[in-house]
Amino acid sequence: MIMRHDGKLPEEELDFFLKGSNTISEGETKPEEFSWIPDSGWNDLFKLSTVSPAFQGLRENVLAEPQAWKEWAEDDSAEKADMPGQWSRVLSPFQKLIVVRVFRVDRVHNAIKHFIQWRLNEHYVQSPTLQYSKIYAQSSELSPILLILSPGANPFAAVSALAESMGLADMKKPHNGFRLWLTTQPTQDFPLSILQASLKVVTEPPDGLRANLQTSYSLFREDAFEQCAHPAYPTLVYTLSFFHAVVQERRKYGKIGWNVPYDFNESDLSISLSLVKMYLSKSSRGPEGLPAEGEGKSAELQPGAPPPTASDIPWETLRYLIGEAMYGGRVTDDYDRRVLATYLEEYLGEFVFDSYRQFSFSKAPISYALPADSSSAGHIEFIKNMPSSNTPEVFGLHTNAEIGYFVENAKSIWHGLLKINIANSSGSNSDSAVGSLKEEALVSTISEILSKLPENGLYVSAGPDPPTPTQVVLAQELDRLNILTETMSQSLRDLSRALRGDIGMSGDLDALALSLQAGFLPAQWRALAPPSLKPLGSWLSHLMRRIDQYTMWITQASELSFSVLPSCYAPAAAATAGIWKATLCYKVEQGGARWDSSLERLAPQIPRKLSEEMPLVKVIPIESSRLNIRSLLRTPVYATEGRRNAMGEGWVFDAWLPYSEHASFWVLSGTALVLQTSD
């Protein structure tokens with residue numbers, strides 16, 4: 001906010017960059033020839049001219065030269081490429097950021113780094129290397145060192161190594177120069193007094209497969225490869241280490257990676273390697289099994305025994321124990337467990353040692369094969385030469401997963417900056433003219449929302465006794481909708497009165513005002529609404545469509561034979577009610593794959609298209625005993641893009657969809673159906 005403080009960043013431009021058009025009205029229909037522009041970007045494009053005179057004529061130029069703008073927008077580094085015409089020359093660096101937001105949300109993260117590098121220097125965009133010796137030097141015995149943990153980060157080994165290097169093993173009690181090390185996950189309940197008195201350090205897991213593998217190998221003992229005589233052991237050490245790195249890196253892709261973010265750490269790898277070593281040692285020694293305690297660190301072959309081979313390894317047992325107990329013990333979601341099991345099916349088997357068809361973890365875009373040198377030093381050198389960054393294909397994901405990652409990253413940045421911006425605005429004496437304009441905009445927003453809400457509740461007339469399942473669902477849906485709309489109307493009227501000075505501004509009303517200004521869905525409304533990840537404008541548009549649906553339902557309650565599941569409070573209940581009559585649902589989005597209507601089966605995604613709307617879906621219930629699941633993929637249907645949370649909420653039902661590729665392709669790509677997208 002330095003530029004803002006210095007008056008070099010207009011409030012209107014910053015506001016637009018953080019919130020976009022933030023309109024609660026339906027925008028203009030986007031022509032088919034502009035399908036390459038995101039829906040939110042299309043609305044933003046029409047609002048740009050009101051943000052700054054610098055953007056005058058931009059919309060007209062895009063409409064006049066769509067091909068030139070499309071080529072720029074589809075550039076792999078659009079934030080660095082020259083825009084069509086004179087726009088790269090006439091726009092300021094921050095205004096270029098705004099244009100990138102309109103056309104390529106996935107490039108905003110890199111555009112921000114590019115902007116910071118221009119405004120400050122490269123030092124501020126590089127991730128610092130965490131050196132615990134320097135942390136120790138900056139601290140004192142009077143203040144604790146607070147390590148704030150990110151998922152997958154485990155500083156215990158590094159702190160222990162530092163302690164041993166400073167002679168901790170020789171001490172029987174704390175000395176005058178001791179240090180208190182504390183760890184915590186990010187939480188709002190942490191004691192404020194300790195937080196303020198601490199030296200705070202954020203720890204992050206290694207970034208990339210190479211860094212993860214280097215971390216794992218750095219923790220192995222020098223004689224690790226000599227602890228098992230089986231010739232397959234070094235290869236399996238690398239294979240499991242690679243598997244460990246993959247399941248950790250998959251987490252960065254959000255919900256398409258794991259439904260629940262799991263804290264896999266080095267102890268999972270260590271215990272899995274111990275398990276492998278135990279079974280390989282049994283295989284090496286033949287029927288007598290493991291050596292007795294004290295016989296030596298290596299399980300030597302018995303005289304006259306045939307040399308052990310990969311076929312002697314109990315692969316199914318290892319896959320089960322590692323996938324269900326060692327790593328699977330942390331996994332709480334059935335579909336996440338399926339992903340874990342699929343990786344092990346792909347990585348652990350006799351095929352790893354096939355000399356005719358060389359095994360590779362991934363072949364696109366580059367091959368990730370096994371090290372040719374089976375020594376520990378050979379593995380370390382092999383890892384050192386791996387790429388520092390990886391594409392999603394290595395994890396079995398589509399390239400679109402990386403776009404989704406950067407889109408969510410941009411949204412997270414905007415959300416955090418909005419909170420800071422709101423706090424600064426409310427905590428300072430901002431310009432009265434700017435404050436007046438914001439209040440006028442807030443009053444206008446309140447008036448527009450109130451005009452859209454129904455004046456009276458929606459009710460269904462009495463039907464047959466007993467009511468049909470669909471009528472029961474309809475009555476429950478209407479009750480919940482009426483509570484929501486009444487709460488919205490009352491809170492907006494109270495806020496309007498508070499702005500006029502008729503009543504005092506309570507904490508709830510202040511939070512409502514800040515949410516409306518920021519374009520967030522107010523918490524008071526969210527608590528009464530179906531799960532949704534949409535911003536306020538999109539959420540209100542969706543609410544209006546739901547009201548239209550319910551109105552239509554009321555008039556057709558006696559003949560109701562279909563359900564628009566994305567609009568329901570309880571889509572699972574609506575689908576269950578449809579058991580009596582087949583349920584039709586539209587506005588269902590496909591994630592991690594797309595639907596090929598001509599072949600009527602799953603197909604890989606189109607680049608840059610993160611989700612596609614399914615055709616009208618007919619949900620036909622069938623007894624499980626009568627279901628022929630051959631060439632059908634069990635596909636989860638979720639209420640929102642948030643998929644399922646740690647409590648298991650969000651799942652609606654399972655759909656069985658035909659596919660052509662191997663099932664593992666679709667499992668690892670995170671294929672799912674989503675009833676409601678985030679935008």
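Think of each number as a place in line: the chain as shown, counted from 1.
In case you wondered, yes, glycine gets a Cβ from its N, Cα and C as well.
Unlike curated entries, TrEMBL annotations are predicted automatically.
Per TrEMBL, the feature domain 'Dynein heavy chain region D6 P-loop' maps to 171-202. The annotation domain 'Dynein heavy chain AAA lid' is assigned in TrEMBL to 235-401. The region 'Disordered' feature in TrEMBL is assigned to 286-312. Sequence annotations record features per position, and here TrEMBL assigns domain 'Dynein heavy chain C-terminal' to 409-557, 592-675.
Note on the domain 'Dynein heavy chain region D6 P-loop' (171-202): DSSP counts are 6 helix, 8 strand, 18 coil. When the stretches 171-202, 235-401, 409-557 are ranked by Cβ pairs under 8 Å to the domain 'Dynein heavy chain C-terminal' (592-675), first place goes to 235-401.
Remote same-chain partners of the domain 'Dynein heavy chain region D6 P-loop' (171-202), defined as residues 6 or more beyond its termini with a Cβ less than 8 Å from a stretch Cβ, comprise 130, 135-136, 138-139, 141, 143-150, 155, 159.
The average pLDDT computed over the domain 'Dynein heavy chain region D6 P-loop' (171-202) stands at 85.
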